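I have placed the structure first, in the form of structure tokens, so that the comments after it can refer back to it.
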Amino acid sequence: MTERPSRRGRRFPVGSYLAAVVFAVPFLLPFYLLLRNSLMTQAELGALEWHWWPEKISFTGFTDAFDNSTVPLGRALLNSALVAVISAPVSTLLASMTGYAVARIRVAAARPVFVLVVATMMVPGAATFVPTFVVVGSMGGVNTLWGLIVPGLFNALAVLLFRGFYLRFPQEIEDAGRIDGLGHLGVYLRLALPNSAGLLAALGVLSFIEHWNSFLWPLVIGQDPAFWTVQVAMSTNLTSQAINLPALFASAVISVIPLALVFLAAQRYIVRGIMATGIKG
Amino acid sequence: MSLRTGRPGTSAGPVTGPAPAAPRRRRVDWPAWRAFILLTAPLVVGLVVFKYVAMGWGLLLSFSNARGTIALGDWAGLANYRALLDDPRFRTSLSMIVVFTLVIVPLTFAIALGLAVLVNRLRRGRALFRTTFFLPAAVSYVVASLIWKMSLFSGVPSSAANSLAALFGQEPTAWIATVDPPLYWVVLITVRLWLQIGLYMILFLAGMQEIPGELYEAARVDGAAGEWRLFRHITFPLLRNTSVAVTLLLVIASFQAFDEFYNLLSTGLAGAPGPDGRPPLVYLYDVSLVQQDYGVGSAGAFVVTLLIVVVTLVQGRLVGLGRKDGE
């Protein structure tokens, strides 16, 4: 047995690399077009000939995007930022709190509350936007920031995941905390919560992306331009009659860049979050 | 046998002897209750208001005449449901979304699984390719619709699709603006593929990490080499739980399609795409937010919800979900 095949003994998979490169092209092409178009002029975008790159790089798209008075892009970006920056941590924390309580606090209500929460997962979120609109509308939530944000803060799936995590949280650590004089809240805040930082980050980043990109609910609830998110603002331009294409592509670039950075920086957490949500979902 | 200490609440207690009237008997643990309520109340109140009250109100509204109002009281019986099911535009939207689902789900499934196998075979640069296929997940449906509608598949001769077609001597085509032939389907399918493949590829990759490497080694020793046979006899069967989850998620997502249909096919905020390319949620948006008929809109929400729940349950039953619980 002298010829034990080393781990690198097998052939270098040339075919696989070739296939991966070929497949990568259609995945990257739209990003390239997005960037290219944002730097072109309207005339060049409507040209008869395909151009790999603008003849002269133009930034008028970026200035035009902010100059449009009917579609206030700056305000829309601010609204989107507020929605995502508030929703991601708050919704994740609320789910963590509930998940901990139903997993570790033994009161008679734990089981019924858990069932009440999980039962809502049977109802698909987007399909019920009309009833949600009716309730939020009756509370005066149309064209308000809270109407935009609050209905999206209650994530039953995240509760389920946090409950699973806290069920596996070692009893010894909880007991040690108790001996040190911590109550239920103390154990949660000082011990359980810090220990779940990984899951908090994973679900928090996913939630951030979801809220930044969400479209249907902001479209329904933000009817006044002052409450448009960046997605609604872009959609308004995209579906209008006269379109300033470079400006539209420029605003798309501006809306994608912060998210792409978050995405690349936090990919580890995103993958972990998707694995957690997808497999149980 | 610690009958007394172990079961303080049993009726045997007082009879068997002068047991001290168990002082801890069913004492309410107030600190625990307080902590429980503090921790759960925000989320539970939110769910009750925005899910339970909303669904209850919506259900009542679906039995009411509610044009331009969300007030209850003007009961209409089943008229809204009848109007809905009699409306050919709603029926078209249902058959449309079924066809869309039958196309998009297997396509996404196959490509995502194929890419996962491919990426898993790479030794160096695996992270780079994984990121490449996954990156579109950071893009919104609105931005993707913009790129697809105005650049990839726009009608101008210099659009990517028309430039490519020109290489083969084809005339420029209006990809979205025509119903005959229904080329807009190519646009609708490819945009969703681009956006969602990466996510499901990640799920498959995660599932593959769970498969013990020894299985492949053993198969190779047994002479069962050949990548396809290894895939068919080891990888795919052992990905069963992941496959079930992926299929369910894909179907639920497909039935709730809205964003790309609205942005690719509509011509104005109030305008709706033609009847051929309108899924149920776009129809419901039109009925409730544009025509402001909240009765029919609510009825539609329940019909679509019921449809999704039934499809999910039937599908779960078909693939034997729950027969082998993962956790």
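Glycine residues also receive a Cβ, built from the backbone N, Cα and C atoms like all the rest.
According to TrEMBL, the feature domain 'ABC transmembrane type-1' maps to A:77-266. Look at TrEMBL and you will find A:12-35, A:81-102, A:114-139, A:145-166, A:187-209, A:243-266 tagged as transmembrane segment.
Below 8 angstroms of C-beta separation, residues 84-85, 87-89, 91-93, 95-97, 100-101, 104, 155, 158, 161-162, 165-166, 169, 173-174, 177-178, 259, 262-263, 266, 269-270, 272-274, 276-277 of the same chain, each at least six residues beyond the ends of the transmembrane segment (A:187-209), sit close to that stretch. For the transmembrane segment (A:12-35), the list of distant contacts is 249, 252-253, 256: same-chain residues at least six beyond its ends, Cβ to Cβ under 8 Å. Spatially, the transmembrane segment (A:145-166) is not adjacent to the transmembrane segment (A:243-266); fewer than three Cβ-Cβ distances between them are under 8 Å for residues at least 6 apart in sequence.
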